[in-house]
2 protein chains.
Amino acid sequence: MKQVHVNTNDHSYTVYLDNGLRFETGKWLQKCLEQPVSSILVITDSTVGPLYLKDVLSGLSGFEQVHTVTIPSGEQSKSFAEYERLITEALTCGLDRKSVIIALGGGVVGDIAGFVAASYMRGIRFVQMPTTLLAHDSSVGGKVAINHALGKNMVGAFHQPEVVLYDTAMLGSLSTQEWRSGFAEVLKHGLILNRPFYEWLQTSIKSFDSIDNDLMAELLSQSIAIKAKVVSEDEQEHGVRALLNLGHTLGHAIESVSGYGRITHGEAVVIGIVFAMRLSEQLYDTHLDIPSFIAWVKSFGYETEIPNELSRQELLLAMKKDKKTEAGMIRMILLKEIGVACVEKVETDIIFSLLKEN
Amino acid sequence: MKQVHVNTNDHSYTVYLDNGLRFETGKWLQKCLEQPVSSILVITDSTVGPLYLKDVLSGLSGFEQVHTVTIPSGEQSKSFAEYERLITEALTCGLDRKSVIIALGGGVVGDIAGFVAASYMRGIRFVQMPTTLLAHDSSVGGKVAINHALGKNMVGAFHQPEVVLYDTAMLGSLSTQEWRSGFAEVLKHGLILNRPFYEWLQTSIKSFDSIDNDLMAELLSQSIAIKAKVVSEDEQEHGVRALLNLGHTLGHAIESVSGYGRITHGEAVVIGIVFAMRLSEQLYDTHLDIPSFIAWVKSFGYETEIPNELSRQELLLAMKKDKKTEAGMIRMILLKEIGVACVEKVETDIIFSLLKEN
């Protein structure tokens, strides 16, 4: 079994990756949680629930108090209304401070279930069981959040899971679009910090259909290890952790302006990465071989240009709402070269010109 | 000027107490905040705003970006709806990660503004400017929260302020009811941990009208120092901090069953303290001289018995929703003697009998 340890200031935990972990959830809770568990609330969504909830519950038969709640699948569920509903469910089920919330699903479930756990009675334990490739990213680092109409992930907390149980077999049911959404974060990790990993990806991953269980576990554990290293160095995102936002300033803006859920997170991020690469070449004396990057990602079906119908003015305004913005100046993650990223305050005019050109 | 230092695991800050601090807010921000401030949002309520907001703003004239928002005064404002509205205001004002939220008001403003600060962009800085006696308690320890129809303070975080500016002159405008609400926490601090302070209070405070500025500063700084000591030993409420909940298990239930805002927090807590004292005498071989306590607090106008119209069954159910409840067992804070408190799991039957008797 592959495992990656994640160290943060106040808390360490392990990400376990293996085929069939979902049937042994209870065993792993007993192994990894130090304090007794009074009750469990499994939060899942309408796509994942029908596929895997039964398996997970069968593995929890040793616990007396196990409750479940299902949210509609999709980014729209990361709303204030759904958040309040989940808190109501938690109260109605009688969850207390010794209870545990299990997030069974992708990034959306992890984000909202994590924020419920972070804020319920000022914080109770939670366990992540990611079911998508994308969730490998959000399950490391403890960033949990919900959306606001004026911006994505605007309300949230830093709340680390007790343990992450990654059943690689659950990834078998992903659609190509979901693959694309998750793979964007994987290649991003190579681009910002690890050129050899990026080159290994370009060589090894030619199509999503050709990824078998072993290649999957290798890809996930390497990508998680990069994320874990960054997070351990900078839990609260004061420094190096900001680099993980490569492609996200524009990516989030595209998601927000087009309406959450119209374009997947990862697909928006890839467009944002191409934009950041172009800006990097414009501002630095560097050559990133953008055409070869574009050709590679297009072979997976990614779009690389900003959709024509999105107003550049609205995109710029949305970019200014980015959490990295300081005193009105947009701070972009750019690449000095492949594997070497940096944070740069960029003039609004320069960004707007490049938005209009593309 | 009196000051009390508060040390927590990840953060230390100071509570300053003096006459007229509100006119010098900007000076103190510059002195106490390490990182630059991009913008400020002052959150106040409809009672405090008309009295002191102008004074505070005059002291902030050195800052370019200063926004204000006013919530309706009263416990009803600690709602999900008001929370969402404040987040929307913060986004609309363009608050970023270098912004600061100032909570100008009593416990309600501190709690909700603190939770907004704790969760906005996963946490920005906040500064407390308490305007009530009660807020002296909530301003130490970083417990911030909003209410749910099913329970008080059920959603929140631990988020320490950067500094607390306590302008004692602002307490001049308090009503007798507000005095009662705050003084309950002061006497509670003596009862659980500091018999000399409790006896000093019984000797020195004969009526609220007789408290001058010096006596006020003395009372506040001593009470804050007790709270600060407890919090520094147990920031996350795993142990000794629970003792601060003396009178709160029943107190919160009374507030919840009667409808938030019908009875003040402190008035409900005093009824809860009398209940906890009776339960303590029933369970332990101790004599707490309850009649003398009742006579003293009645002289300030406190009620000491549970209102007849409140259903004992509903109160019991509400007590079970307390955050200290574990696996259905109510955990009460009781007194072994004056100044020596403890946590005790108490059988539901015993509590219900005593509820029915009183």
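Each Cβ is built from the backbone N, Cα and C atoms, and glycine gets one as well.
Copied over from TrEMBL:
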BINDING   A:73-78, A:107-111, A:131-132, A:Lys143, A:Lys152  NAD(+) binding site
BINDING   A:Glu185, A:His248, A:His265  Zn(2+) binding site
DOMAIN    A:69-180  domain '3-dehydroquinate synthase N-terminal'
DOMAIN    A:182-325  domain '3-dehydroquinate synthase C-terminal'
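Sorting each residue of the domain '3-dehydroquinate synthase N-terminal' (A:69-180) by its DSSP state yields 44 helix, 34 strand, 34 coil. The shortest Cα-Cα distance between A:Gly107 (NAD(+) binding site) and any of the binding-site residues A:Glu185, A:His248, A:His265 is the one to A:His265. The CA atom of A:Ser77 (NAD(+) binding site) is located 21 Å away from the CA atom of A:Glu185 (Zn(2+) binding site).
Secondary structure at A:Glu185 (Zn(2+) binding site), taken from DSSP and collapsed to helix, strand or coil, is helix. Taking the Cα of A:His248 (Zn(2+) binding site) as the reference point, the closest of the binding-site residues A:Ser73, A:Asp111, A:Thr132, A:Lys152 is A:Lys152. Note: the Cα of A:Asp111 (NAD(+) binding site) and the Cα of A:Glu185 (Zn(2+) binding site) are spaced 16 Å from each other. A:His265 (Zn(2+) binding site) and A:Glu75 (NAD(+) binding site) have their C-alpha atoms 9 Å apart, to the nearest angstrom. Annotation for A:Ser73 (NAD(+) binding site): same-chain Cβ neighbours under 8 Å, separated by at least 6 residues, are A:Asp45, A:Ser46, A:Thr47, A:Val48, A:Gly105, A:Val108. Residues A:Glu185, A:His248, A:His265 make up the record's Zn(2+) site, and a Cβ search at 8 Å around their centroid adds A:Leu134, A:Asp137, A:Ala184, A:Lys188, A:Gly247, A:Gly251, A:Gly266, A:Ala268, A:Val269 from the same chain.
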